[in-house]
Amino acid sequence: MALAFAVPEVAENLNGWGPAADSVPSQLEHVPYAPFSKSDRVGRASDWTGQAFKYNSGRFDRNNTGGNAVFNFFHNEDEDSFHLVDTRPPPRPKYGARRFQQRFQRRDRDEGRRDGGRDSGAGADRERQRRERLQQQKRGQWNAYWQDKNAPRNVYNSSVDIRPEWSVLEQIPLTSLSKLSYDVGEPEDITTCGTLDYYDKGCDRVTPKTERVLERFENRQFYKVTTTDDPVIRRLLLESEDVGTVFATDAILSTLMCAPRSVYSWDIVAQRVGNKLFFDKRDSSFDLLTVYETAQEPIPEDKESINSMHSLSQEATFINQNFSQQVLQKEGKKYEFKEPNPFASETEEVAPVAYRYRKWKLDEETTLVARCELHSVAEVKGQEILLTVNSLNEFDSKITGVDWRQKIENQRGAVLATELKNNANKLAKWTAQAILAGAEQMKLGYVSRVHPKDHYNHVLLTVQGYKPKEFAAQINLSVNNMWGILKTVVDICMKLDEGKYLLVKDPNKPIIRLYSVPTDAFENDYAEEPLPEDEQAPPPPESEEQTEQTEEKDADLEI
């Protein structure tokens, strides 16, 4: 037998929202009702703890109009029969300000007794002053920590515009790369090209009191050719296909090897052709040097300022090129290699640079071939040693916190420590390139502006030499970790199908993403105009575990 279902009568309210006053059932006439509108944010069906959250207004309380006040409880009748039985005073806090003060006084009195009762002498005063300084220092550290924690974070732009049609194939967290280790044997030289000038030893005697004006070599050409455009690598592949499996330059390899220290965004093109893997740079901005990259206070991105991030990168690159030419002997003998410079032409003045094409055996099936640069040669104790030459630049001592002209002669270690803190990635990349090229020594020049507001004229303050492997140990750069990072990236790329891919360092997170891009990408003005930020492809969502690890890593770095 089927049961009949009666549809209840629904009253329509034409003048408002909710039930009309004359349509309320008799059993619900005395139940309070809080009116609301469609635009209100209804966060909960019933709030039993409303008083507990009166100081913690969240997103549900922004449009609170007091409609829920009808549900509040009001106690109108006073209970006169209630009396307080326990009249004892409330206990004092166990660890109040007085307790701390009494404890320090007792400790001072006990220490005075151990000292034979001399608790009011000069020694006791110095001890009290020392403890006050320590306490003030700790308070300052905590205040600085919380101020930095609440400070707005700087947001950087990506080095390449991520297109919507690109797909993410892999995400590599940089925190996992710092724990890798891999041992690679000694390299083998395939061929050497170019000509080197001898190093001018008079530059080692330059001091801030005898500073030299930095010359400009605007007519000399500095070639930074990418891997697939290198004629020597093409010739080696034509002569023997078994010459190598992975091909790159020392600049690209050092970027990958020192990726955990990088902060700014960068990108590297990876091409799989048959069983070969080629690492290329996308454009010339890859060769610009970074300035103040790993500092606690980032450089602003004001393009009109001479101290903006892009302006300082261009300035540092030009200084590095001019310095590498000024430290060479103007006239004298030259150091010739087996083959001439493959990029030089008869009509242009080319900077003297040598290239060593070397190969490393990563495993039984993978051989790395790389082009490495050398900048000069010097005679030391009757022997000729190969050098790499780079320069650090000072742009404003008020920003960096250390005045090179005052401290570089007597406190050179403090100056270098400041540069290691502010430019850790750049120094690590220079050290990695010197190790890859097999240089016996790397020269670091210290160049400063003539005036902080003049970014065109510079002076050389001093030059310091280091052995690459010893300097790597000094800056905590592990050679085995460098090769472990490279081996991991190579193994990931060797598993890919034939095609073109892009490795991109996230501009604001310690993550490297591997994108699959079209074969004609970055050719013939593939991306003519940069995409707006709202049209760029967003990064894939992270898992909760990765997010927690990233937050813990950021908290450790802040502390």
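Indices start at 1 and increase along the chain as displayed.
Each Cβ is built from the backbone N, Cα and C atoms, and glycine gets one as well.
Residues annotated as region 'Disordered' in TrEMBL: 82-146 (among others).
Annotation source TrEMBL lists compositional bias 'Basic residues' at 95-104.
The compositional bias 'Basic and acidic residues' annotation in TrEMBL covers 105-135.
Residues or ranges marked as region 'RNA gate' in TrEMBL: 285-299. Cβ atoms under 8 Å from those of the region 'RNA gate' (285-299) belong to residues 148, 154, 156, 159, 224, 251, 255, 261-264, 266-268, 307-309, 312-317, 320, 393, 395, 399-400, 421-426 of the same chain, restricted to positions at least 6 beyond its ends.
The feature region 'Disordered' is assigned by TrEMBL to 523-559 (among others).
Taking the region 'RNA gate' (285-299) as a whole, pLDDT averages 87 in the prediction. Counting residues of the region 'RNA gate' (285-299) by DSSP class, helix then strand then coil, yields 3 helix, 0 strand, 12 coil.
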